[in-house]
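**Q** One structure, pasted below without further comment.
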């Protein structure tokens, strides 16, 4: 099997290191987040060129709500830009579908509206899927799935792994083949908890704003050398 044939169908990326990148360069943390958003587009474009079909970026965790109000407000402003304007136009030009997963009800009404509009605008695009995990937590996702099942008055003996998967925010999508985390930490931090049981993991010390196409190619090469047993 060639390396191209072993490119992940679904790639998860845990964005980490924006603030530390800015601090080491003597810049405000906001600049790190701004550069981080720019890199989402750059790396996303490279992934789709490599024939990755689905990318899920861990953009804003539930725990991130505990950051300062100023930082959270700036991150929300960046997210509003990410689902509108030139970014949305670029997704439509490239025929990429946008989905936002997470506790969207915690977002501002204006951001919720822009997300709905963006998802509707891109829903018929067929060249790939871009998932933004916003106000996301893997445990919260599982809890919400169980609540949905209970709400439908499903009998206990009818609850299966497939049924839970069908009630997750990622329903209808395959589990990630590869998860990359930048910034040096080696943990998943509540990202795709249910879906990642057989995902290959790749960690790099590079901060997200510095993570480039060559780094992505290294991750894909590493992935291509692995034998995925999937529990067999």
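Using the three backbone atoms N, Cα and C, a Cβ is placed for every residue, glycine included.
I grabbed these lines from TrEMBL:
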type	residues	note
ACT_SITE	16	active site
BINDING	16, 200	Mg(2+) binding site
BINDING	17-21, 33, 61-63, 65, 67, 181, 187-189	substrate binding site
ACT_SITE	64	active site, proton acceptor
**Q** List nothing but the one residue from 19, 67, 187 whose Cβ has the fewest other Cβ atoms within 10 Å; the candidates are the binding-site residues.
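**A** 187, out of the binding-site residues 19, 67, 187, has the fewest neighbouring Cβ atoms within 10 Å.
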**Q** Could you tell me which of these recorded positions, 16, 63, 200, has the fewest other Cβ atoms within 10 Å of its Cβ?
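**A** Taking 16, 63, 200 as the recorded positions, the minimal 10 Å Cβ count falls on 63.
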**Q** Rounded to the nearest angstrom, how far is the Cα of residue 16 (active site) from the Cα of residue 61 (substrate binding site)?
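**A** Residue 61 (substrate binding site) and residue 16 (active site) have their Cα atoms 11 Å apart.
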**Q** What Cα-Cα separation, expressed in whole Å, is found between residue 19 (substrate binding site) and residue 200 (Mg(2+) binding site)?
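**A** Pair distance, Cα basis, whole Å: 26 Å.
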**Q** Could you state the CA-to-CA distance between residue 16 (active site) and residue 63 (substrate binding site) to the nearest Å?
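**A** Checking the Cα atoms of residue 16 (active site) and residue 63 (substrate binding site) gives a distance of 14 Å.
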**Q** Helix, strand or coil by DSSP: which one applies to residue 63 (substrate binding site)?
**A** helix
**Q** Helix, strand or coil: which one is residue 19 (substrate binding site) in, per DSSP?
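**A** Going by the DSSP assignment, residue 19 (substrate binding site) falls within a helical segment, counted as helix.
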**Q** Expressed to the nearest Å, what is the distance separating residue 67 (substrate binding site) and residue 200 (Mg(2+) binding site) at their Cα atoms?
**A** 30
